[in-house]
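Quick look at what TrEMBL annotates:
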- 1-108: region 'Disordered' (REGION)
- 62-72: compositional bias 'Polar residues' (COMPBIAS)
- 185-206: transmembrane segment (TRANSMEM)
- 218-237: transmembrane segment (TRANSMEM)
- S281, K287, E288, D317, K507: UDP-alpha-D-glucose binding site (BINDING)
- D317: active site (ACT_SITE)
- 396-419: region 'Disordered' (REGION)
- K508, D532: Mn(2+) binding site (BINDING)
- 625-662: region 'Disordered' (REGION)
- D746: active site (ACT_SITE)
- 816-839: transmembrane segment (TRANSMEM)
- 851-872: transmembrane segment (TRANSMEM)
- 944-965: transmembrane segment (TRANSMEM)
- 977-995: transmembrane segment (TRANSMEM)
- 1007-1027: transmembrane segment (TRANSMEM)
Amino acid sequence: MTSPTKKPPIKFARRTSSGRIMSLSRDDDINLGNPAELTSTSSGGASDYVNYTVLMPPTPDNQPSAAGPTTSKPHDLPPPNGGAKRPGRLGGGREEDGGGGGVDEAKLDRRMSVMKNNKSLLLRSETRDFDHNRWLFETKGTYGIGNAFWPQDDGGYDDDGVGMSMSDFIDKPWKPLTRKVKIPSAILSPYRLLVVFRLVFLFLFLSWRVRNPNEEAMWLWALSIVCEIWFAFSWLLDQLPKLNPINRAADLLALRDKFETPSPANPHGRSDLPGIDVFISTADPEKEPPLVTANTILSILATEYPVEKLSVYISDDGGALLTFEAMAEAASFAEVWVPFCRKHNIEPRNPESYFAVRGDPTKNKKRPDFVKDRRWIKREYDEFKVRINGLPDAIRRRSDAHNTHEERQERKLAKEKGQPLDSIKVTKAVWMADGTHWPGTWAVPSPDHSKGDHAGILQVMIKTPHNEPHYGDPGDHPYIDLTGVDVRLPMFVYVSREKRPGYDHNKKAGAMNALVRASAILSNGPFILNFDCDHYIYNSLAIREGMCYMMDRGGDRICYIQFPQRFEGIDPSDRYANHNTVFFDGNMRALDGLQGPMYVGTGCLFRRFALYGFNPPRANEYSGLYGQYKNPAPPPPDVRVSAHEPPDDPAEAQPLAGNPDLGMPRRFGNSTMFCESIAVAEFQGRPLADHPAVKNGRPPGALLAPRPPLDAPTVAEAVSVISCWYEDKTEWGERVGWIYGSVTEDVVTGYRMHNRGWRSVYCVTKRDAFRGTAPINLTDRLHQVLRWATGSVEIFFSKNNAFLATSRLKFLQRIAYLNVGIYPFTSIFLVIYCLLPAFSLFSGHFIVQTLNVSFLVYLLFITITLTLLALLEVKWSGIALEEWWRNEQFWVIGGTSAHLAAVLQGLLKVIAGIEISFTLTSKSANEDEDDIYADLYVIKWTSLFIPPLTIIVINLVAVVVGFSRTVYSEIPEWSKLMGGLFFSFWVLAHMYPFAKGLMGRRGRVPTIVYVWAGLLSITLSLMWITVNPPNGRGSQMDK
């Protein structure tokens, strides 16, 4: 008896107890006759194995045998679901598939399915390899079922007739909206270790310096050691908050899925995002051109945020008709600019910046009418600019015409009454286009119409949009096709608060608080985003990215989202460190790893409820020497605010822990409508309660209701809350809203929120969120730094000093705020230390007696650690080495000029009560089209130039004197000369940008510099001869 021909191995499949499909070879020793071995709880018993069709695909590793003839039938082709007929979900084989028992179970129907095409057809022509993709396509094979692929022609997964698809298979899990991106430990660990090493070296160096005084020049040694100890202390204050920098990332797709995707609570997919009120502040149309402000308004109106949830307010603290009419022109131009941006997805959406972008404007644009639309909108914008620039002359001519007409009428009336014509005096009023008097300020100040004395003005220039999208139709506009484009505009309101003599209007902080009250009446957005008039939205998705942090789990504890400031129009070398990247990319990013960044005045998204002075829903209290013990703070009481006076019960008004910042705000004014809006804003600002871990959340779909339209009583109430008397006997400016009493109200306002236990977040977007302008002129830059430093001195001498902070402020966060109030005082020691090299060269002595090995080794280690720290800080912050060096240079320039003046002004205010006043930083665009950096070379003399100029001249004279003395000395002391020269050149290298700024465009030194240098040289020479007369003269006097 001949043995049968050995057949090739055939693959079998079986279901294991875990439900997994397992491949078995025919040659495997399995007793198919024992049904018990094939029985599992997850299948239909032994028949479940039999129901699987055996496949032998013609792949190179598994070909049909030539010995045994095979046939193929149409029904043997693999079905689209992968080639196997699976049983029902509930188990049990079907009888028509051979699922019955008996002797036939041992005789399995081992069927093969072979394709009718030749193997050669499935080989690649180049490599003669088997083409799996072609085989998959021609045999209609699939990848099976799952969330990567689901067969479309046989979507029924169950045999009970219930159809399924991939959307049913995929169960979307809960996704966070944000995440922390930690700095790699390979960078952060060495960085922290170097901080410890440098601290140890500084301690050893200062100990050595104290133990080794210079007996030959004790005064020089004493001055140097005091300055060095202070510098070490200042460095420690600046360095400690940088130990835990972090990065963050937001998920915009997750935000859209949660708030703008159809769901059972939101069947139509309308936006469930909270509302946002955007504030823009301006005060003087001469220093803050209306065209710049109008471009800022247009970029905000066109941002990518639900139109019905966005409201824009501009505060004109100057009450100028020029600003009012410029905003009206901007609202008119927005009717075509905003739809154009939405239609073609324009970035940036500031017209001036968009048309100034260099490069191909058609890049990534797919609509065929883009070029035509862009050409037309560019012409419209040019006409818009002409109208804006012509407004001052148009207002003047209109007012002159009306005033002339009024004067004629008065003269005519006086002539009829027989009165003398010389006594007629007509007030030179400012007239609006409708022929009425402008209620704000006039060109010629008069009672009720001057900058400090005018009525409150509130004008809704763009009304509240409809809740449903309004798409354009063909033919709606003669020049641009807006078909399918939402043409709605956000609400836009012009506000100029009332001002009267005898009231302290508190500058920008008072204007912001007036906007807070007016917006609460009109729109009551639970979030507030504030801008300076020259800062515009550069990234139309930036607001959404900031909202991710507010709406994420734990977002109810966040008081504000601070965006970094980015600037345009700065010279390429950034001579005066205007970009300030060391602060915005270094210090602020590091504070984000603690309790949050500081508020820097613009580009900040506030939670309205936190701005009202309330405590967070959850907070922690820190105790111990350095706050190492953390305990949960007691929960705040319920929000119950009344427009009437607070109760007289002292126990009820007593703050928690005895600190006034932890008490409940109660005095908001006598507006019932405003007080009722507080609880509404608090509820609407909560994150979505879509996960059990989300605390203090709101239900989905709670913000779908349309906003009611404005009526006359509502607008009248908004006008009343911007009156100058509304804040009397209230807590506005004390703990509610922007805080008064400092020229840097931004830092104080942020500090108060952190002091109550709130947290803040630093949102650094991939594309710059906002951009603005900065002064590139040396004089304007120093005056700007002077204002910041003066505010810091005010903070140090006020109750906002971090020494008096509550236990809810983290230890390192407290150190950061301490540094804010202390850093201007470093200028005193910096000026002395910059003069020490000159004193050393004049006297022939050095800060140490000799340049021994110990001093040089300590100096070398301190310098190396500082350099390595700078390199690692550049690495984790992303700044450039050149930017770091520019920051160091301007730290010396500003420290010897503006910071020193700020300390003197702050002391005068504290001791003598002299108030400090500042002028606005000019934001006018440069009119020189040939050189956009022409303002960089303009020299505006100021008294702030005197200290750094004195330091430069004294060091230059000292270098000459010291070198001459050493060369002509009988016993030259070159070591002391080299020490003095090294530190003198260190000072002069830091002063180089200042000296270059004084030389102007062509490098010519102004005459006043020569005069000042001559006076200083003569004065120093006479003083030195008096203090240290020559030896010959001294011997003659002795005789």
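Each residue, glycine too, has its Cβ placed from N, Cα and C.
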>> Pairs of Cβ atoms less than 8 Å apart decide it: which stretch in 185-206, 816-839, 944-965, 977-995 has the most with the transmembrane segment (851-872)?
In response: 185-206
> Counting only residues 6+ away from its ends, which parts of the chain sit with a Cβ under 8 Å from the transmembrane segment (977-995)?
Replying inline: 575-576, 778, 834, 836-838, 840-841, 846-848, 851, 886, 888-890, 892-893, 948-949, 951-952, 955-956, 958-959, 962-963, 966
> When the Cα of S281 (UDP-alpha-D-glucose binding site) is compared with the Cα of each of the recorded positions K508, D532, D746, which one is closest?
Replying inline: D532
>> Counting only residues 6 or more past its boundaries, what in the same chain has a CB within less than 8 Å of a CB in the transmembrane segment (185-206)?
In response: 225, 228-229, 232, 235-236, 239, 243, 245, 858-859, 861-862, 865-866, 868-869, 872-873, 875-876
> Residues sitting near the transmembrane segment (816-839): Cβ under 8 Å, six or more positions beyond its termini, same chain?
Replying inline: 220, 223-224, 226-228, 230-231, 234, 237-238, 241, 587, 591, 594, 598, 747, 751, 754, 789-790, 792-793, 795-796, 801-803, 805, 809, 847, 892, 895-896, 899-900, 902-903, 906, 947, 951, 954-955, 957-958, 980-981, 983-984, 986-987
> Tell me which residues of the chain lie with their Cβ under 8 angstroms from that of K508 (Mn(2+) binding site), as long as they are six or more apart in sequence?
Replying inline: S281, A283, D317, W738, E745
>> Please list, in sequence order, the residues in the chain of K507 (UDP-alpha-D-glucose binding site) that are at least six apart in sequence and whose C-beta is under 8 Å away from its C-beta.
In response: D317, V743, E745
> Other than its close neighbours in sequence, what residues sit by the transmembrane segment (944-965), given a CB gap under 8 Å and a spacing of at least six beyond its ends?
Replying inline: 779, 782-783, 786, 831, 834-835, 837-842, 844, 893, 896-898, 900-901, 977, 980-981, 984, 987-988, 991, 994-995, 998, 1009, 1012-1013, 1016-1017, 1020
> For D746 (active site), which residues in the same chain are close in space, meaning a Cβ under 8 Å from its Cβ, but six or more apart along the sequence?
Replying inline: M598, Y599, V600, G601, W738
> How big is the gap, in Å, between the Cα of D532 (Mn(2+) binding site) and that of E288 (UDP-alpha-D-glucose binding site), rounded to a whole number?
Replying inline: 10
>> From the DSSP assignment alone, can you count helix, strand and coil residues within the region 'Disordered' (396-419)?
In response: 22 helix, 0 strand, 2 coil
>> So the record assigns S281, K287, E288, D317, K507 to UDP-alpha-D-glucose. If I measure every Cα pair among those residues, what is the longest distance in angstrom, as a whole number?
In response: 16
> When you measure from the Cβ of E288 (UDP-alpha-D-glucose binding site), how many other Cβ atoms are you left with inside 10 Å?
Replying inline: 22
